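Asks: Not my notes, these are from TrEMBL:
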- 22-46: region 'Disordered' (REGION)
- 27-46: compositional bias 'Pro residues' (COMPBIAS)
- D98: active site, charge relay system (ACT_SITE)
- H135: active site, charge relay system (ACT_SITE)
- S361: active site, charge relay system (ACT_SITE)
- 438-575: domain 'P/Homo B' (DOMAIN)
Amino acid sequence: MKNIIYILGVAIFVAACGGGGGGGGPAPTPAPTPAPTPAPTPAPTPDTDPLYQYQWHLKNTGQNNFAVLTGTAGEDLNVETVTDGGTTGQGILVAVIDDGLEIAHEDLVDNIVTGSYDFLNSDEDPLYEKNDGSHGNAVAGIIAAKGLNGIGVRGVAYNAALIGYNYLENSTYENQIKSWGTEPPIPVNVDIYNMSYGRGYGGEAEKYTFADYLEASLEDALIYGVENLRGGKGAIYVQSAGNGFNDYPAENSGVNCGTKLTCTSIAIDDNQSVPHIIQVSSLNANGLRSTYSTTGPSVWVAGFGGEYGTMTPAVMTTDDTGCEKGYVGGSTGSPANAFESTDGHPENPNCNYTSTFNGTSAAAPTVAGVIALMLEANPNLTWRAVKHILATTSQKVDLNQTYTQQDTIQYQWTTNAAGYSHHHWYGFGKIDGAAAVSLAQTFNSEDLGSFFTTDYTTPDEVFSIPDEGTVTQTISLTKPENGLGIVEFVRVSFSFTHTIANSVGIRVQSPSGTYIPILQPYTNLASSPSNYTVDIGAAGFYGENMEGVWTVEFRDYVGDSSSGTAKWGIEVYSN
């Protein structure tokens, strides 16, 4: 299995597709003169955060955050009433698994606690040593920059505790397992793990190949984490979905990445195939999908990552300290906007903050921050309860966003038989902090019952995919002996052989009749998975009855006088 890791924020632009780094496209070119930003506030008092006025993801008043265009008022996390009411993440510990963390940063230091780890030097100071901007610093600031301290920005959960691991600087399987809290020297009292990174292309920069199945040791570590950490209530793992929607390298390989179909499947990252990780897509300041945000059937919820900060707003957060390094100080060429000046800006004289952080890297920590608020409101929530509350309270957006290819719907808002609505772009919807915390306060995790995993079920035979045709196969499942049989997540496994791999699309139908596409055609898929099995997770069957006949449909969308062969199986996680 490939172990190629990319951060999913603004720092890297050359690998922007499908879990690649960067905000989803090339570095922005200089833009027209930005509209004037609001006048600076008076000298800060100890109960303010002077840059909070630009943090539209916390309170969107239609500000531009130094970009040319403004956002839409009200399109934000809806957490103001929560934090004003005194729920601020107090007592919750969040681990930032990233490229590093500046534990002495002026706006982070008051929330930093003992327990960080440096995988390069085997010490407790995971400082990012390069000058091009610490991705982890920006992520940490979104989650829990200290609030009401008279300086800088404000985190979503601004009194939560922070630690950091620089796993991305030494990204071995062993270090990933340690970062998830399952082995020393990492502390086991972490509540939430934020992972703003994903797997990338591998050797072929312009096309992707599927991830193999999740390495058994990694899956075992996740299972251990949700079964044993937080006193048996389960650690919460939050991950960025990826930045590969408008994959510009794909255009070089003859793939047309338009505004409707994504270039890259979320299946490029094997972490997306399991229920133990909350996959987060990104919204911009207008409450719609960020242009780069990777989509797919396993997306659980949409947070806020913005755009690039030149024409349209990105996210204001913490940067490396000083004007000689960081996203501001370490940048070359023209600054994205006035705030990013390497000479300092009147509101950022020491370049300790950046207004251009973006990507699903920024969206994931907004969700992690909201979860910290939920856990303070109810520390007894299990990891499954957190997912349930997000699925129940998140808000549908972009209601008419649908796309049909050759009479087959590739994505839309699909309301399943249990009443849950899911979209490949947005998961169960835009996260609603106030609604999530309100439900969390009274939710009894025991109402979800026990957690069961069916044995992997697959027919023995290999079947043919006809040229420009469709084939269906079925499997019958029964509920667990002592369970309710209510679906919480589905994992579909398959392998297929075809000379034009990206001509194949796959969708799955539940016993209740809900259809969900799990593989879209016309991506920049390099080759078919003929000699290994691919796992793709599907969230949209949540709440349905698992018992009955499950159907898979393979369709060849291109008439090229060639057919293919395939095999499939299914695994259902239920209560």
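Here the Cβ of each residue, glycine as well, is placed from N, Cα and C on the backbone.
A TrEMBL annotation is a machine prediction, not a hand-curated record.
Help me picture where these features are in the structure shown.
Replies: Here the Cβ of D98 (active site, charge relay system) has 30 other Cβ atoms within 10 Å, regardless of which shown protein chain they belong to. Secondary structure at D98 (active site, charge relay system), taken from DSSP and collapsed to helix, strand or coil, is coil.
Around H135 (active site, charge relay system), a 10 Å sphere centred on its CB holds 29 further CB atoms from the protein chains shown.
Cβ-based neighbour count (10 Å, all protein chains) for S361 (active site, charge relay system) stands at 35. Look at S361 (active site, charge relay system): DSSP puts it in a helix.
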Asks: I'd like the per-state residue tally for the domain 'P/Homo B' (438-575) from DSSP, helix first, then strand, then coil.
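Replies: Summed over the domain 'P/Homo B' (438-575), the classes give 12 helix, 64 strand, 62 coil.
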